[in-house]
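Participant: Mind having a look at this structure? Questions to follow.
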Amino acid sequence: MLLRIEPRPEVSRPFTCATPAIAMLLTVASGWLLFLALGLAPGETLYQFLVSPLLTLNGLAELGVKAAPLVLIGVGLAIGFRANVWNIGAEGQLTIGAIAAGWVALAFWGQEGLWILPAMCVAGMLGGLAYAAIPAFLKTRFDVNEILTSLMLTYVANLVLSVLVFGPWKDPDGFNFPQTKLFSESAILPILVEGTRLHLGALVALGVAVAAWLLLSRTVVGFQIEVVGQAPAAARFAGFSGKRTVWLTMLLGGALAGLAGTFEAAGPIGQLIPKLTPGYGFTAIIVAFLGRLHPLGIVVAALVMALSYIGGENAQVTASLPQAATGVFQGMLLFYLLASDFLVRYRVRLLAAERKLVTAS
Amino acid sequence: MTFHISRRTLLAGSTATAATLALPRGARAEGPLKVAYVYVGPIGDHGYSYSHDQGRKAVEVKFADRVKVTYVENVAEGPDSERVIRQLATAGNDLVFATSFGFMNPTIRVAKQFPKVKFEHATGYQKASNVAIYNARFYEGRAVIGTIAGLMSKTGVAGYVASFPIPEVVMGINAFTLAARKVRPDMKVKVIWLNTWYDPGKEADAAKALMDGGADVLVQHVDSPATMQVAESRGAYAFGQASDMARFAPKAHLTALVNDWAPYYLERVKQALDGSWQSGDVWWGLKEGMVKLAPYNPALPENVRAAADKVKADITSGALHPFTGPIKDQKGSLRLADGQRIGDADLLKMDWFVEGVQS
């Protein structure tokens, strides 16, 4: 049997809007069966997974804490993906950004000043930007595939961080454990809602998403990125430089990842430790596509992703759902979301006619 | 649990209140004690998280209806752990065991916000009035397996699959090496660092590399049985980590360094139930049974068993301290004079290797 996947001639607008809801329904239905098979109360487990984190102030705040880095990185990556620039190494750019910001925090440790946090943000963005410049340079100068270089530089970044926290930056009063001193008060992000961990970085992430949306929809630069991505030949005729676009999108993505790293170190962590994130740089790639590469879509996608993590923990805590089952449920959610999104734009056709032809010959 | 308010339950409630007044300060009067565990790895790692989970099960068996126990596994060290610990406190848990070093600062932060919840943090150094710390003297068990390794090795090279160069791991490597060199003075210990606690693929690669480098006895301070399996398939000896791993490598598995957290967990839960729980600092070893050795492999020769048993008995009785001078460091300079012992404070921040370690 031959299958062919082809773009739908016309994408149904109502369906485009309805797919997230359809995917959600399918996830809930499959989850119901999964939890039933595990011998858990399906209604209660689904409630703990998808609803209960949204009912408390702290739950909502945690959603923001978890989504903020995903939004920052996802927006940066999406701009590149739109231009066919595949930066897979946001995790490394995040790490170098956090290191740069941490360097400022440690250099001025114990000092007070409103300038310390902004300085850390600038350092973090420059760090991420500089690290993204390496694959950008290799791509534009030697035409080296940026997927490989940016990915592999992630491992290098993690080792650089390890060298620092196991070595010169180790807290002298920390019993030789691999961590820096806790940052002093001036190097810690202000909390937005008292009693929670929701920090200023979440607000900044939202602002960045709106700015990116304006950049893409209202400016010539945004138009260039779009054209270079969708029609490279047309872009050349129009005089838009592919190389310039690579540089622009890589550096932007790197800077935003660096900023995300800064916010993690100066926010919920408050110091540098050997493992800064549970892989936000990679999760953000999924988030970018889940949000259809649209900055505002990415905000929604990041919140959904955050809910799936926090709900998973919640279901473990309150409904004794095994950790592997939370992973399966998350996987189903992503699968249905991405699959329905795909099927709205493409259709799968059985090619019976061609098969006959093959048999005849 | 559902709440029905009726005259009967209201009455029952008031008797409960009366009972509370009669009980010692801090004792609980109603409902099961809610106990929670946070694990860094999966409970199926057969190593560290598994051993804590065995302790949790012992609590459930012993106290049955008097406790309600939950656990969360695979919790990343760092900001996620703070959310999980906070969630557990918010969900009404009375006693929370955070079982990995990286949960330290998060635990301390959450404990400040929940002064009535009791926290216990394993392998760290920060205490608070509602945060107790506990750890096991793994190095005592490592001195026993070091003795066995020294006697069993033909090549005189042991391979050590290690996680992070933190004091815990460093002192384990040193205790192992000192004991091995006591019975075989030319013993060398090659170390590979993995920067992870659990990654079966990396663990197996490291084990292979160490064997290629001449090691015929493998030791690990990571949590999966991968090293055991490599040793089994390539004819080397190895020691299980945290739990008895004999079933993964019946021939290679000489014994295992078993962590038995159950005695501590049972005692602390009992104290929380009867109201005598207090913050504290516990570092138990072979004597208290927090560190144990799995049954020896039947193939282990009699003289090796006797030597290992002697080391174990002497450490238990206090006659032997694994870190007794003279001890030289990697460069060959004397760090500890003859007869001196390294104190707990210095052990807990150990960052240098003894002679014979190749790291």
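A Cβ is built for glycine as well, from the same backbone N, Cα and C atoms used for every other residue.
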Participant: When you get a sec, could you say which of A:246-266, A:288-308 is annotated transmembrane segment by TrEMBL?
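Facilitator: Residues A:246-266 are the ones TrEMBL records as transmembrane segment.
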Participant: Using a Cβ cut-off of under 8 Å, list the residues of the same chain at least 6 residues beyond the transmembrane segment (A:150-169) that approach it.
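Facilitator: Long-range Cβ neighbours of the transmembrane segment (A:150-169): 86-93, 95-96, 98-99, 102, 106, 131-132, 134-135, 178-180, 272-274, 276, 281.
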Participant: Restricting to CB pairs under 8 Å, which listed stretch, A:63-81, A:115-138, A:246-266, A:324-346, is in contact most with the transmembrane segment (A:21-43)?
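Facilitator: Most contacts with the transmembrane segment (A:21-43): A:324-346.
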Participant: In terms of Cβ proximity under 8 Å, which residues at least six beyond the ends of the transmembrane segment (A:324-346) contact it?
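Facilitator: For the transmembrane segment (A:324-346), the far contacts come to 5-8, 11-12, 15-16, 19-20, 22-24, 26-27, 30-31, 34-35, 38, 49, 286, 289-290, 292, 304, 308-309, 312-313, 315-316.
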Participant: Going through A:63-81, A:115-138, A:198-216 one by one, which has the most CB pairs that fall under 8 Å from the transmembrane segment (A:246-266)?
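Facilitator: The stretch I would name here is A:115-138.
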